[in-house]
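Colleague: One structure, as C-alpha coordinates, below. Some questions next.
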Amino acid sequence: MLLPILTDENPQLREKSVFVKEITPEIKKLIADMTETMNYGSRAVGLAAPQVGVQQRIIVCKIKNSLGKFINMALINPEIVTKSEQCELGEEGCLSIPNMFGPVMRAKDITVQFMTEDKKTVMKRFGGYNARVILHEIDHLNGILFTDLVGDKSLLYEELSY
(Lines of atoms letter the chains of each structure in order from A and count residues from 1; the text may use other names and numbers.)
(Lines give C-alpha, C1' and ligand atoms only; values in the text may rest on other atoms or scores of the structure.)
Protein backbone atom coordinates (compact mmCIF):
# COMPACT_ATOMS: atom_id res chain seq x y z
CA MET A 1 0.00 0.00 0.00
CA LEU A 2 1.33 3.44 -0.91
CA LEU A 3 1.85 5.66 2.10
CA PRO A 4 1.44 9.46 2.22
CA ILE A 5 4.71 11.36 2.64
CA LEU A 6 4.93 14.10 5.26
CA THR A 7 6.45 17.34 4.01
CA ASP A 8 8.95 19.58 5.76
CA GLU A 9 6.39 21.86 7.40
CA ASN A 10 5.12 18.91 9.47
CA PRO A 11 6.65 19.06 12.99
CA GLN A 12 6.72 15.24 13.22
CA LEU A 13 9.75 15.29 10.91
CA ARG A 14 11.70 17.11 13.64
CA GLU A 15 11.08 14.46 16.31
CA LYS A 16 13.56 11.77 17.28
CA SER A 17 12.29 8.27 16.52
CA VAL A 18 12.05 5.45 19.04
CA PHE A 19 13.74 2.07 18.78
CA VAL A 20 11.77 -0.90 17.47
CA LYS A 21 11.42 -3.34 20.36
CA GLU A 22 9.97 -6.27 18.44
CA ILE A 23 9.65 -7.15 14.79
CA THR A 24 5.96 -7.86 14.46
CA PRO A 25 3.83 -8.59 11.39
CA GLU A 26 2.83 -4.89 11.54
CA ILE A 27 6.49 -3.83 11.32
CA LYS A 28 7.04 -6.16 8.35
CA LYS A 29 3.94 -4.71 6.65
CA LEU A 30 5.22 -1.18 7.31
CA ILE A 31 8.57 -2.08 5.71
CA ALA A 32 6.80 -3.57 2.67
CA ASP A 33 4.60 -0.46 2.33
CA MET A 34 7.58 1.88 2.77
CA THR A 35 9.50 -0.03 0.09
CA GLU A 36 6.55 0.14 -2.30
CA THR A 37 6.19 3.87 -1.62
CA MET A 38 9.92 4.47 -2.18
CA ASN A 39 9.84 2.58 -5.48
CA TYR A 40 6.67 4.18 -6.81
CA GLY A 41 7.23 6.54 -9.73
CA SER A 42 9.96 8.70 -8.27
CA ARG A 43 13.70 8.99 -8.18
CA ALA A 44 13.66 8.16 -4.47
CA VAL A 45 16.51 6.02 -3.15
CA GLY A 46 15.49 5.94 0.50
CA LEU A 47 12.66 6.49 2.92
CA ALA A 48 12.55 6.73 6.71
CA ALA A 49 9.55 5.77 8.84
CA PRO A 50 9.10 9.35 10.19
CA GLN A 51 8.50 10.50 6.61
CA VAL A 52 5.33 8.38 6.58
CA GLY A 53 4.27 9.50 10.06
CA VAL A 54 5.70 6.57 12.04
CA GLN A 55 8.17 7.55 14.77
CA GLN A 56 10.17 4.31 14.72
CA ARG A 57 13.80 3.73 13.75
CA ILE A 58 13.25 2.05 10.38
CA ILE A 59 14.69 3.00 7.00
CA VAL A 60 14.46 1.45 3.56
CA CYS A 61 17.04 2.16 0.87
CA LYS A 62 18.01 1.26 -2.68
CA ILE A 63 21.56 0.04 -2.15
CA LYS A 64 24.00 -0.61 -4.98
CA ASN A 65 25.41 -4.14 -4.65
CA SER A 66 28.86 -5.33 -5.73
CA LEU A 67 27.54 -5.99 -9.25
CA GLY A 68 26.29 -2.41 -9.56
CA LYS A 69 22.63 -3.42 -9.34
CA PHE A 70 20.19 -1.70 -7.01
CA ILE A 71 18.59 -3.80 -4.31
CA ASN A 72 16.05 -2.81 -1.68
CA MET A 73 17.30 -3.04 1.90
CA ALA A 74 15.53 -2.41 5.21
CA LEU A 75 17.53 -1.37 8.26
CA ILE A 76 15.83 -1.54 11.64
CA ASN A 77 17.35 0.41 14.55
CA PRO A 78 20.39 1.47 12.49
CA GLU A 79 23.31 2.86 14.48
CA ILE A 80 26.45 4.44 13.03
CA VAL A 81 29.40 2.60 14.55
CA THR A 82 32.15 4.42 12.66
CA LYS A 83 32.43 7.23 10.11
CA SER A 84 35.50 7.93 8.02
CA GLU A 85 37.18 11.27 8.51
CA GLN A 86 37.28 11.58 4.74
CA CYS A 87 34.15 13.34 3.49
CA GLU A 88 32.72 14.20 0.10
CA LEU A 89 30.24 16.75 -1.16
CA GLY A 90 27.22 15.45 -3.06
CA GLU A 91 23.81 16.59 -4.25
CA GLU A 92 20.82 15.46 -2.21
CA GLY A 93 17.08 15.77 -2.42
CA CYS A 94 14.22 14.44 -0.33
CA LEU A 95 10.65 13.25 -0.83
CA SER A 96 9.67 15.37 2.18
CA ILE A 97 11.04 18.53 0.52
CA PRO A 98 9.69 18.10 -3.01
CA ASN A 99 11.81 19.36 -5.92
CA MET A 100 14.48 20.91 -3.65
CA PHE A 101 18.14 19.92 -3.97
CA GLY A 102 21.44 21.01 -2.54
CA PRO A 103 25.03 20.03 -1.73
CA VAL A 104 25.67 18.11 1.49
CA MET A 105 29.02 17.03 2.95
CA ARG A 106 28.93 13.40 4.16
CA ALA A 107 31.41 10.83 5.43
CA LYS A 108 32.73 8.75 2.56
CA ASP A 109 32.59 5.45 4.47
CA ILE A 110 30.52 4.26 7.42
CA THR A 111 29.99 1.12 9.45
CA VAL A 112 26.41 0.54 10.55
CA GLN A 113 24.91 -1.93 12.97
CA PHE A 114 21.25 -2.74 12.36
CA MET A 115 18.64 -5.45 12.60
CA THR A 116 17.14 -7.18 9.58
CA GLU A 117 13.50 -8.16 9.13
CA ASP A 118 14.43 -11.72 10.13
CA LYS A 119 15.75 -10.41 13.46
CA LYS A 120 19.46 -10.80 12.70
CA THR A 121 21.87 -8.18 14.01
CA VAL A 122 24.26 -7.16 11.26
CA MET A 123 27.32 -4.92 11.17
CA LYS A 124 28.13 -3.76 7.65
CA ARG A 125 30.41 -1.25 5.98
CA PHE A 126 29.02 1.07 3.30
CA GLY A 127 30.89 3.51 1.09
CA GLY A 128 30.20 6.31 -1.37
CA TYR A 129 26.64 6.43 -2.69
CA ASN A 130 25.41 3.77 -0.23
CA ALA A 131 26.89 5.61 2.77
CA ARG A 132 25.29 8.89 1.64
CA VAL A 133 21.83 7.34 1.28
CA ILE A 134 21.99 5.61 4.67
CA LEU A 135 23.31 8.72 6.45
CA HIS A 136 20.53 10.83 4.90
CA GLU A 137 17.86 8.39 6.07
CA ILE A 138 19.34 7.99 9.56
CA ASP A 139 19.26 11.78 9.85
CA HIS A 140 15.46 11.57 9.44
CA LEU A 141 15.35 9.24 12.47
CA ASN A 142 16.98 12.04 14.47
CA GLY A 143 14.74 14.85 13.21
CA ILE A 144 17.34 16.24 10.79
CA LEU A 145 16.57 17.24 7.18
CA PHE A 146 19.23 17.52 4.48
CA THR A 147 18.57 21.26 4.17
CA ASP A 148 19.82 21.64 7.77
CA LEU A 149 23.24 20.45 6.56
CA VAL A 150 23.56 22.83 3.61
CA GLY A 151 25.88 25.53 4.99
CA ASP A 152 25.11 28.16 2.38
CA LYS A 153 21.33 28.14 1.85
CA SER A 154 21.77 30.08 -1.42
CA LEU A 155 23.11 26.79 -2.85
CA LEU A 156 19.69 25.14 -2.47
CA TYR A 157 17.86 24.99 -5.77
CA GLU A 158 14.47 23.93 -7.02
CA GLU A 159 14.03 21.54 -9.90
CA LEU A 160 10.57 21.78 -11.36
CA SER A 161 8.89 18.59 -12.52
CA TYR A 162 6.95 18.64 -15.75
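Every residue gets a Cβ built from N, Cα and C, even glycine.
Take a look at what TrEMBL says about it:
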BINDING   Cys94, His136, His140  Fe cation binding site
ACT_SITE  Glu137  active site
Colleague: Enumerate the residues of the same chain, Cys94, His136, His140 excluded, that satisfy the criterion Cβ within 8 A of the mean position of the Cβ atoms of the recorded Fe cation site; list them in sequence order.
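Modeller: Apart from Cys94, His136, His140, the close residues are Gly46, Ala48, Gln51, Glu92, Ser96, Glu137, Asp139, Leu145, Phe146.
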Colleague: Please list residues from the chain of Cys94 (Fe cation binding site) whose Cβ is under 8 angstroms from its Cβ, counting only those at least six apart in sequence.
Modeller: Asp8, Met100, His136, Leu145, Phe146, Thr147
Colleague: Taking the Cβ of His140 (Fe cation binding site) as reference, which residues of that chain separated by at least 6 in sequence fall under 8 Å from it?
Modeller: Leu13, Ser17, Ala48, Pro50, Gln51, Ile59, Ser96
